[in-house]
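Beneath this line is the structure, given in structure tokens, with notes to follow.
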Amino acid sequence: MRLHFCSLLLLYCIVFVSSFLTTDALACLPDQIQALIQFKNEFESDGCNRSDYLNGVQCDNTTGAVTKLQLPSGCFTGTLKPNSSLFELHQLRYLNLSHNNFTSSSLPSEFSNLTRLEVLSLASSSFTGQVPSSISNLILLTHLNLSHNELTGSFPPVRNLTKLSFLDLSYNQFSGAIPFDLLPTLPFLSYLDLKKNHLTGSIDVPNSSSSSKLVRLSLGFNQFEGKIIEPISKLINLNHLELASLNISHPIDLRVFAPLKSLLVFDIRQNRLLPASLSSDSEFPLSLISLILIQCDIIEFPNIFKTLQNLEHIDISNNLIKGKVPEWFWKLPRLSIANLVNNSLTGFEGSSEVLLNSSVQLLDFAYNSMTGAFPTPPLGSIYLSAWNNSFTGNIPLSICNRSSLIVLDLSYNKFTGPIPQCLSNLKVVNLRKNSLEGSIPDEFHSGAKTQTLDVGYNRLTGKLPKSLLNCSSLRFLSVDNNRIEDTFPFWLKALPNLHVLTLRSNRFFGHLSPPDRGPLAFPELRILELSDNSFTGSLPPNFFVNWKASSPKINEDGRIYMGDYKNAYYIYEDTMDLQYKGLFMEQGKVLTFYSTIDFSGNKLEGQIPESIGLLKELIALNLSNNAFTGHIPMSLANVTELESLDLSRNQLSGNIPRELGSLSFLAYISVAHNQLKGEIPQGPQFSGQAESSFEGNVGLCGLPLQGSCVAPPTKYPKEEDEEEEEDEVIEWKAVFFGYWPGLLLGLVMAHVIASFKPKWFVKILGPAKGKQVDPVRLFMNLDSRWDSFNNKDTVEEEVI
């Protein structure tokens, strides 16, 4: 009966799992399915559902054995142990565990059990330690990828892997020399990537290397010495060669690479080059389509480009090139990407239309010394960046005719005149820090593609254009440091993707609270900069309710920085000026999880809303230079990520909440020039602050202020108790000796009067009507009336 039950349970499990299997996985035997489930259960896999996991499973239709396993990226977290059920899948031919988090895991030697493996990819999976020697048993491997881990030790033992065609060991910490017989023992090797390690020594390439199948070689960012360049020049089948930052003491003569007739991509950045090898008569592979010469100490524009008519991509950024860009450069027939950033170029040879007929699509000549009018951009422009130059005059209207243009960055120049009224087709418009005038064009049509609009630090006037509501993809809007006069744009909260809104240093006015006194409730806003305007009024208690972006989350598109628009050949990242920890600074890159609010320099009043405590991911809060009153909200203690807090120059009262000491990331706090009192809380968050952070509060005391909190002198508790007891004894003695004799005399008199009943007595109390009079009650009655009589006299005296 027990055996029958177990069989039914196993059958149920198989049927249940099979319901999630793909067509390729349906052929799997029960024991293989069980091993797969056990393997999954060895790790935390909350971000991985069963169907995602099993989609990467493939079994042989004949044997039912698992032959392919490809885990989804970011699916597993945990340690890959030697006894893992993974190593029971002996028929595996393809195994890809890349982009998972196998924390604290070394590479188990049990990988050698999988002797049928042909493809093994463990890239970006947090593996550490040395590569086990047993990996040399995987003699059928054709593809081995161990890149982007923290593997150490000498070069892995791969000599026996004679079928290898792909070997990627980049971005690790391997040290020592490359085996001198590596290439002869791996005759099929076509892809070898060793960059970003600690490899040393020279490179030995045998004379027979002309028959080598190696077509892609990356050796950059290591610590080689001795012979490197000459041996590589023997690998005549190379089409992709990367030799960045080789740490060679002498300049490299590019003419050495002339034998590489098939070379297409050559990256030799961060090396010193022999100037003569950059001349137009130098022999160089004419097949080149991409040449990367970043940071090579080049001082003159390389004439070698004249002969390289197949070039599509040129990068000579971060050099020392002076003078003008020659006119012939724009006539290279296939040139589509030109990066001239960070040189000392002063302009362009030829007319202002020298670029017009160029084939260039991505053009970046930012951070140079170019002056004069801006040239007419190429007809096929996609990306155009000229920030940080000294161009003058108007922005050319020819930009409006560039239908392919996506990114336009002309910031940090000296442009004047109006903003062209044709920018809604662009994803990125950055015109920051020029001298542009007029208003922001109200020409953003329905379906506008704009994601970033930065026109800060100009001389713009008018109001914010309501047509911005058509920019449903707008993420970043900055109009800071202009002369815009308008009320707060509550209507912008209809934009579902707005992350950054910067209105600082304009002439905005009116209330910040919505007309219905409800929460502001921007759905995705993370940075709100409203400082140095004329906003007035108070903020309702629920002002910060429903700010969804204050909660931690991972970007679905994988972006790290705001405005991080990436292409294979360019990156654009939004920049902004932020006041942080008391300092005003420009942030060249702003992380997507960064969250800050700055309302400083306005005329806001009333209490700071307690709902501020709901913004748990807020990093910086600046409410200084306003007229806020009341206490510092205790709910600020819930803002656990807070690093910078500035509440200075308001009218806040009460004590500084001790709960703020629980904010472990709080590095800067200023409450200067308020009406606070009491002792400054002691703790690491407060003790490290400057005295100026608390000055201007008459009632505050304690470190870091000079004066300590001194209480009035008090007596010792024992003496106080003894004196209190003595006073109580004296008081009771006075009561006893003063009250009881009088009471006794009163009782005697009452007894006498009650016995004889004189006429005056009867007039006061009235006839007894045959009742016996109680002497005590009689005395109390007389005493009460006597008090009434005395009180009457007192009232009369007051009237007089």
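Cβ from N, Cα, C; glycine included.
Because the structure is a prediction, the values reported are computed rather than measured.
Taken from Swiss-Prot, the feature signal peptide covers 1-19, and the record attributes it to sequence analysis. Among the features that Swiss-Prot reports, topological domain 'Extracellular' is placed at 20-733. According to Swiss-Prot, the feature N-linked glycosylation site maps to N49, N61, N83, N96, N101, N113, N145, N160, N247, N342, N401, N470 (among others). The feature repeat 'LRR 2' is assigned by Swiss-Prot to 115-138. For 214-235, the entry in Swiss-Prot reads repeat 'LRR 6', with the evidence type sequence analysis. As annotated by Swiss-Prot, repeat 'LRR 8' applies to 260-281, with the evidence given as sequence analysis. Positions annotated as repeat 'LRR 10' by Swiss-Prot: 308-332. Residues annotated as repeat 'LRR 11' in Swiss-Prot: 334-357. Marked as repeat 'LRR 14' by Swiss-Prot: 402-423. Here Swiss-Prot flags 424-446 as repeat 'LRR 15', drawing on sequence analysis. Taken from Swiss-Prot, the feature repeat 'LRR 16' applies to 448-471, supported by sequence analysis. Positions annotated as repeat 'LRR 17' by Swiss-Prot, on the basis of sequence analysis: 472-494. Per Swiss-Prot, repeat 'LRR 18' is recorded for 495-519. Annotated repeat 'LRR 21' per Swiss-Prot: 616-639, in sequence order, evidence recorded as sequence analysis. Residues or ranges marked as repeat 'LRR 22' by Swiss-Prot on the basis of sequence analysis: 640-663. The feature transmembrane segment is assigned by Swiss-Prot to 734-754. Per Swiss-Prot, the feature topological domain 'Cytoplasmic' maps to 755-800; the stated evidence is sequence analysis.
Swiss-Prot feature annotations superimposed on the structure.
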| residue | record | DSSP class |
| --- | --- | --- |
| N61 | N-linked glycosylation site | coil |
| N83 | N-linked glycosylation site | coil |
| N96 | N-linked glycosylation site | strand |
| N101 | N-linked glycosylation site | strand |
| N113 | N-linked glycosylation site | helix |
| N145 | N-linked glycosylation site | strand |
| N160 | N-linked glycosylation site | coil |
| N247 | N-linked glycosylation site | coil |
| N342 | N-linked glycosylation site | coil |
| N470 | N-linked glycosylation site | helix |
Cα proximity to N83 (N-linked glycosylation site), best match among glycosylation sites N96, N160, N247, N470:
N96
Cβ neighbour count within 10 Å of N160 (N-linked glycosylation site):
15
Using a 10 angstroms cut-off on Cβ to Cβ distances, just flag whichever of N61, N96, N145, N342, N470 is the loneliest among these glycosylation sites.
N61
I'd like to confirm something. Which of the glycosylation sites, N61, N247, N470, has a Cα closest to the Cα of N145 (N-linked glycosylation site)?
N247
Do any residues, 6 or more residues outside the repeat 'LRR 18' (495-519), come within under 8 Å Cβ-to-Cβ of it, and if so which ones?
451, 456, 468-469, 471-488, 525-540, 542-547, 549, 562, 574, 576-577, 590, 592, 598-599, 604, 611
Need one number: mean pLDDT over the repeat 'LRR 8' (260-281).
94
Sort the glycosylation sites N61, N113, N160, N247, N470 by C-alpha distance from N96 (N-linked glycosylation site) and give me just the closest.
N113
Here are some glycosylation sites: N83, N101, N113, N247, N401. Which one has the most Cβ atoms within 10 Å of its Cβ?
N113
Restricting the comparison to the glycosylation sites N101, N247, N342, N470, which residue's C-alpha is spatially nearest the C-alpha of N61 (N-linked glycosylation site)?
N101
I'm trying to understand the geometry here, so how far is the Cα atom of N160 (N-linked glycosylation site) from the Cα atom of N247 (N-linked glycosylation site), in Å to the nearest whole number?
31
Relative to the Cα of N470 (N-linked glycosylation site), which of the glycosylation sites N101, N113, N247, N342, N401 has the closest Cα?
N401
Would you mind listing the long-range same-chain contacts of the repeat 'LRR 10' (308-332), meaning Cβ under 8 Å and 6+ residues beyond its ends?
269, 284, 286-302, 338-350, 354-355, 357-360, 364-365, 569
For N101 (N-linked glycosylation site), the one of N113, N342, N401 that lies nearest, given that the glycosylation sites are compared by Cα:
N113
Euclidean distance between Cα atoms of N113 (N-linked glycosylation site) and N401 (N-linked glycosylation site), Å:
63
What is the number of residues in the repeat 'LRR 10' (308-332) that are helix, strand and coil, as DSSP sees it?
5 helix, 7 strand, 13 coil
Which whole-number value in Å describes the distance between the Cα atoms of N342 (N-linked glycosylation site) and N113 (N-linked glycosylation site)?
53
Counting by DSSP secondary structure, give me helix, strand and coil numbers for the repeat 'LRR 22' (640-663).
5 helix, 7 strand, 12 coil
